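Colleague: What follows is a single structure, and I will ask about it in a moment.
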Amino acid sequence: MTKENICIVFGGKSAEHDVSILTAQNVLNAIDKERYQVDIIYITNDGEWKKKDNITQEIKNTDELVINDVETGEISQLLSKGSLGKSYDAVFPLLHGPNGEDGTIQGLFEVLDIPYVGNGVLAASSSMDKLVMKQLFEHRGLPQLPYISFLRSEYEKYENNIIKLVNDKLTYPVFVKPANLGSSVGISKCNNEEELKSGIAEAFQFDRKLVIEQGINAREIEVAVLGNDYPETTWPGEVVKDVAFYDYKSKYKDGKIRLDIPADLDQDVQMTLRNMALEAFKATDCSGLVRADFFVTDDNQIYINETNAMPGFTAYSMYPNLWKNMGLSYPDLIAKLIDLAKERYEDKKKNKYKIDY
């Protein structure tokens, strides 16, 4: 059997650089190398692209993926399908955060006319920006917690007014979040005005736009979605924390979380969550994969929190474990995602790009 040529892209110029490398390690160790020939492209923190061909060995340490011993390559040469480079059946971007999960890299693949795993430009960019995402959810009629949003320039000019708005509209605790980051980078739980100001200063180090959300005493429930025009969902899973909130350190450093799969919820609540996950998927025009995150209160009130257009594949990650519970193994999940990328690419080829006069 002729192997399909796959290129995995990871790293990136983002605060989530290390998370991306960890995700790449998991995917590289899970992908079926009898079916796929796998090349990798590592993007450094400075934005340089480094490529290695035909990865066959197990990656035992993430340091093995930090490529420093090859020359920086031209992007078009590394990826193009013409005479400048190898023809790839699909590219698998495992980039988290800005410059990778926000539609920018997807736009590059579109221009180069290469099939790629995951969401397109619109879905990736709207899922990355928490404010845009919330506005799309609101238009779809999905229930959300109260929030406000503002820019760094607005806060510098109207700090007192914005603090007053938070105090008037929301009640403590609140969560301060950069609008365009994931993996809980830059997020703070604030219990009073002093902590609020500190949290705002922290979050503005990572983004020019913030979202401040109402805190709630609720369970954190997640649903995985897989597919293109006819997506499927998993039974929900629950993030059980031994910390105040599910931040970057507890996710990737301390291991102070547990994933309960499936979550202990009434059947009707589980079905509602699955249906809402599909609605969120459609609201942002997603394709390939999404993880939809929810809050569920003790009286079974459900609020959508966000969708993650490129959920992690680390040992702690919910997305692959939710599909494992449904009977879909890591290798089969990866193969399915690659097939979905090719399916979407073939569908796009049906579009006309010139007008017949």
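The backbone N, Cα and C atoms fix where each Cβ goes, glycine too.
Quick paste of what Swiss-Prot says about this protein:
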- 134-339: domain 'ATP-grasp' (DOMAIN)
- 167-222: ATP binding site (BINDING)
- ASP293, GLU306: Mg(2+) 1 binding site (BINDING)
- GLU306, ASN308: Mg(2+) 2 binding site (BINDING)
Colleague: If you measure from the Cα of ASN167 (ATP binding site), which of the binding-site residues ASP293, GLU306, ASN308 is the nearest?
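Modeller: In terms of Cα distance, ASN167 (ATP binding site) lies closest to GLU306.
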Colleague: State the Cα to Cα distance, in Å, between GLU195 (ATP binding site) and GLU306 (Mg(2+) 1 binding site), rounded to an integer.
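Modeller: Computed Cα spacing between GLU195 (ATP binding site) and GLU306 (Mg(2+) 1 binding site) is 24 Å.
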Colleague: Sort out the sequence-distant neighbours of SER188 (ATP binding site) for me: same chain, 6+ apart, CB within less than 8 Å of its CB, listed by position.
Modeller: PHE175, VAL176, GLU195, SER198, GLY199, GLU202, ALA203
Colleague: Taking Cα atoms as reference points, which of the binding-site residues VAL174, LYS209, ILE216, ASN308 is nearest to ASP293 (Mg(2+) 1 binding site)?
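Modeller: Out of the listed candidates, the nearest Cα belongs to ASN308.
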Colleague: Any same-chain residues 6+ apart from VAL174 (ATP binding site) with CB under 8 Å of its CB? Would you list them in sequence order, or say none?
Modeller: VAL166, LYS189, CYS190, LEU196, ILE212, GLU213, GLN214, GLY215
Colleague: Let me know how many other Cβ atoms fall within 10 Å of the Cβ of LYS209 (ATP binding site).
Modeller: 20
Colleague: If one measures from the C-alpha of ASN308 (Mg(2+) 2 binding site) to the C-alpha of LEU181 (ATP binding site), what distance in angstrom results, rounded to a whole number?
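Modeller: Cα to Cα, ASN308 (Mg(2+) 2 binding site) and LEU181 (ATP binding site) are separated by 10 Å.
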Colleague: What does the structure give for the C-alpha distance between LEU181 (ATP binding site) and GLU306 (Mg(2+) 1 binding site)? Integer Å is fine.
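Modeller: That comes out at 12 Å between the alpha carbons.
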